[in-house]
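According to TrEMBL, the features are:
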TRANSMEM  C:15-34  transmembrane segment
TRANSMEM  C:40-59  transmembrane segment
TRANSMEM  C:66-85  transmembrane segment
TRANSMEM  C:91-111  transmembrane segment
TRANSMEM  C:118-136  transmembrane segment
TRANSMEM  C:172-191  transmembrane segment
TRANSMEM  C:221-241  transmembrane segment
TRANSMEM  C:253-281  transmembrane segment
TRANSMEM  C:293-309  transmembrane segment
Amino acid sequence: MNAHLPILEIKNLSKSYGAVKAVNDVSMHINRGEIAGLIGPNGSGKSTFFDCSTGLARPDTGKVVLDGQDITGWSLNRIAREGRMLRSFQKTVTFKALDVEENLIIAGQMFTFPTLASTFGLGKLSRSRIAALRERARELIKMAGLWDVRHQPAGNLSGGQQKLIQFASMLMPEPKLILLDEPMAGINPKIIERVVDTIQYANKSLGVSFLVIEHNIDVVTSICQRVVVLDQGAKLVEGLPHDIIQDQRVREAYLGG
Amino acid sequence: MFSTLLEQVVNGIVTGSVYAIVAVGMTMIFGVLRAINFAHGEYYMLGTFGAWFATDYLGLSYEASIVVGVLSTVVVAYVVGQLVMRRMVGAPAESGVLATLGVALILQNTVIFVFGGGYKFFSGGYIEPVSILGFTLAEQRIIILVVCLLVFVGLELMVTYSRLGMAMRAVSQNVECCGVVGIDVPQVVLRTFVLGAALAALSGVLTAPVNVSVYGGMGELITFKTLPIIIMGGLGNVRGTFVAAMILGIAESLVATYIGLQYRDTVGFATLILMLMWRPHGLFSTQARF
Amino acid sequence: MSLTDTAPQARRRDLRIPLAAILVVAALAAPFIGTRYVTHSLIIALIFMLPAHGLNLLVGYTGLLSLAQAAFFGIGAYTAGLLAVHYDTPFYVNLLAAGLVSGLLALPLGIPALRLRATSFVMCTLGFVIIGQAIAKNWISVTRGDMGLSGIPKPYFELGPLSFTVTGTTSFYYLALAVAALGTLAAWAIVRSPAGRNMVAIRENETLAESLGVPTWRYKLIVFMISAAFAGVGGSLYAHYLTVVSPLTFQMYYSTTMLIIVLGGGAGMISGTVFGSLLFVGLTEALRVAPEVRMIAYGFCLLVLVFWFKKGFAPLINRFWNAIGGSK
Ligand SMILES: Nc1ncnc2c1ncn2[C@@H]1O[C@H](COP(=O)(O)OP(=O)(O)OP(=O)(O)O)[C@@H](O)[C@H]1O
Ligand SMILES: [Mg+2]
């Protein structure tokens with residue numbers, strides 16, 4: 001693939017729910033290796049934009065190009081599996097009844113087992129693949145600081161810890177691009193630091209690109225190289241974090257709600 | 001030719017009315033409990049048995065037997081409601097299926113155990129034919145039609161204006177919030193359930209003179225008839241249930257006449273499956289409850 | 001642990017292997033211990049174990065509550081019965097054909113059904129049973145209607161030069177035991193495979209599983225087909241055991257019995273289904289003295305199950321299994 005092409009390019013995306021234009025003709029791109037931010041007041045269409053880009057919702061119009069490949073209309077699972085673009089959800093979700101390690105192994109499986117039929121195997125190959133996944137899961141669990149709770153059901157852990165599980169799960173399959181929907185919401189400052197560290201580690205060492213929705217402006221300015229602002233479904237401005245927080249229109253959008 | 005068709009449609013509407021009165025209770029219970037009541041037809045059976053017992057053993061009149069049938073069912077439903085239905089609030093779907101099946105087995109087999117499994121003859125009711133607008137219809141069928149209309153008008157009024165009706169709407173909209181605003185959810189479930197059971201019993205008593213035969217297994221058949229109706233009507237939707245019941249009643253009547261009697265009892269599920277393929281979310285909104 | 005690792009402190013013995021050995025011996029010796037009627041009850045339990053395993057994959061592992069199992073059980077029974085009656089095929093051919101026909105029919109039925117959610121799905125699957133019964137009743141040229149298929153031969157085998165027929169109750173017991181054991185093994189292999197983990201992921205949170213690359217739709221369809229194939233195999237045993245198949249094979253009561261086995265034994269646990277089959281079918285079959293009283297008792301059992309044993313017997317089995325596992 002061409003290194004200079006953006007990893008993700010979205011053109012003229014629109015989505016309406018009834019009379020509400022949740023996303024209105026938004027175009028944006030994410031450069032390879034970049035951490036980009038997506039901000040905007042509540043209800044400005046950020047999550048809907050994610051849903052439409054990742055196949056969870058079907059956009060009314062628009063085009064999504066991932067790594068040079070048109071993925072518009074692909075399903076959520078296909079985009080994750082074949083496109084290696086993963087996303088988190090605003091409301092923290094983990095497999096609550098399963099332990100932390102299992103959570104991560106599930107996340108890795110679909111990439112180690114290329115076909116559906118191969119997942120039904122119990123042979124040596126299958127077992128060695130699972131062993132490798134377990135190995136990788138343990139590394140990530142250590143990095144996320146969840147080692148001591150790795151055999152506990154995810155549902156027993158705190159919201160912040162579950163966010164870390166969710167994030168670590170997304171790193172399992174060696175993704176190209178991760179979309180995070182408010183990864184810092186509702187977690188304590190200590191874990192915020194840990195999430196920030198992990199994002200930066202994944203970005204630098206594993207070469208993962210990011211698009212992050214975040215209301216915490218400090219976090220946005222410290223990790224994002226570029227920020228896109230949505231307001232009432234439409235793109236308001238785009239630019240460097242420091243320029244954005246100075247921007248009059250952005251201030252008005254947030255205050256004028 | 002045309003007159004048979006019309007006659008069958010009218011017959012279908014009468015059958016539909018019977019189903020509607022049973023199904024509306026079931027759909028209201030679903031609305032507040034989010035569980036399918038597999039025992040619902042058994043209350044229809046209990047009502048019929050109560051009335052049969054009153055006329056056959058006690059020698060009461062048909063009118064009195066209606067009261068006996070419905071009241072005895074209310075008593076049973078109250079006990080079942082207290083012991084079982086109340087406790088199903090918030091339980092997973094599987095639990096609902098198993099618990100109500102358990103109730104169905106207990107009720108049905110207790111009746112068979114006490115009264116025997118054979119067919120009984122129901123002798124009360126108004127079976128004299130009368131002619132209206134060129135149709136010949138048994139009086140009892142006219143009674144069923146009228147009662148069905150009264151029941152639905154009454155329910156509309158109750159749901160809109162009475163305290164129980166408002167509580168029912170609240171519970172069906174959002175169970176979590178009800179606790180906060182002080183609505184006693186299990187109590188609403190209990191009352192809705194007893195009301196639904198009473199309606200099923202009423203339907204049974206009214207139909208008994210037309211069906212003539214009374215037997216322990218009759219409730220199961222009614223349950224199977226009402227299940228597709230409440231899904232087609234949009235679970236928890238009273239008006240939708242009425243329309244779906246009429247559609248099914250008429251469809252059954254036409255199928256029995258023009259295709260074959262043996263296919264009659266399959267019409268409900270066949271229609272349901274076809275409808276679900278066409279519109280997976282039902283014909284009527286499940287949002288507009290009650 | 002190495003051989004030299006002999007800890008000085010007193011260790012409790014691991015009793016699991018001896019227990020397993022006892023269970024195997026008991027299973028093999030059962031026809032000689034109990035009466036003929038006990039053997040008969042065990043055969044019915046083993047037959048129902050197969051559709052129950054299939055249902056457990058669907059309900060217990062993938063989280064799809066289905067009542068269609070009796071339909072596929074019936075399809076399997078009719079397939080095996082028709083083959084045996086008309087073509088006199090050996091038992092294993094009928095068994096495979098029954099599994100195959102049920103499994104394949106589950107594809108066109110599953111595609112529309114699995115698009116439905118929750119209650120609609122349950123009702124649609126129940127509809128399959130009701131419509132299956134209507135077809136069995138009315139497609140008289142093939143099924144002989146209400147009379148049903150009778151005179152289905154006892155299972156016969158043809159392995160090279162060797163051919164024999166399973167005639168007695170005792171020998172049928174071993175046949176059913178072998179098929180049920182293979183079925184249990186197959187179910188176990190499926191849930192232990194990576195696919196089993198994906199099924200659990202779908203049960204726990206479908207959208208999350210989807211977002212992690214699990215093609216949930218295809219899994220649901222495949223598990224639906226597998227569960228139907230299990231039911232079909234069970235149906236073929238049923239046909240050969242009773243030697244008659246009637247439209248009553250398609251009845252909701254069978255579907256619910258299978259559901260009770262799975263939920264009562266402990267959903268999402270293979271041993272739970274094995275245990276559940278023996279308990280809920282074997283026991284009730286053995287108590288078939290006064291049908292009404294039995295059904296009333298059965299109804300109360302269901303209520304007890306729902307309100308006091310929410311997870312079935314699985315937690316008990318687990319605790320027992322761990323308790324006898326010795327100290328680590
Ligand atoms: N499934 C849906 N059905 C109907 N309306 C929806 C749906 N999803 C989103 N909307 C509407 O679309 C608009 C945008 O919502 P969205 O969740 O995308 O905003 P957001 O920017 O993520 O807000 P927040 O910061 O609160 O998470 C809102 O008006 C919302 O009500
Ligand atoms: Mg959002």
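Cβ coordinates are placed from backbone N, Cα and C, and glycine is handled just like the others.
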Would you confirm whether the transmembrane segment (C:253-281) and the transmembrane segment (C:15-34) meet the contact rule of 3 or more C-beta pairs below 8 angstroms, pairs 6 or more apart in sequence? no
Surrounding residues of the transmembrane segment (C:221-241) on its own chain - C-beta under 8 Å, 6+ positions past either end: 43, 46-51, 53-55, 57-58, 61-62, 64, 66, 68-81, 84, 91, 94-95, 97-107, 110-111, 113-114, 149, 152-155, 172, 175-176, 179, 183, 186-187, 190, 199, 249, 258
Sequence-remote contacts (6 or more beyond its ends) of the transmembrane segment (C:293-309), Cβ cut-off under 8 Å? 260, 263-264, 280, 284, 287
Between the transmembrane segment (C:172-191) and the stretches C:15-34, C:40-59, C:66-85, the largest tally of CB pairs under 8 Å belongs to C:40-59
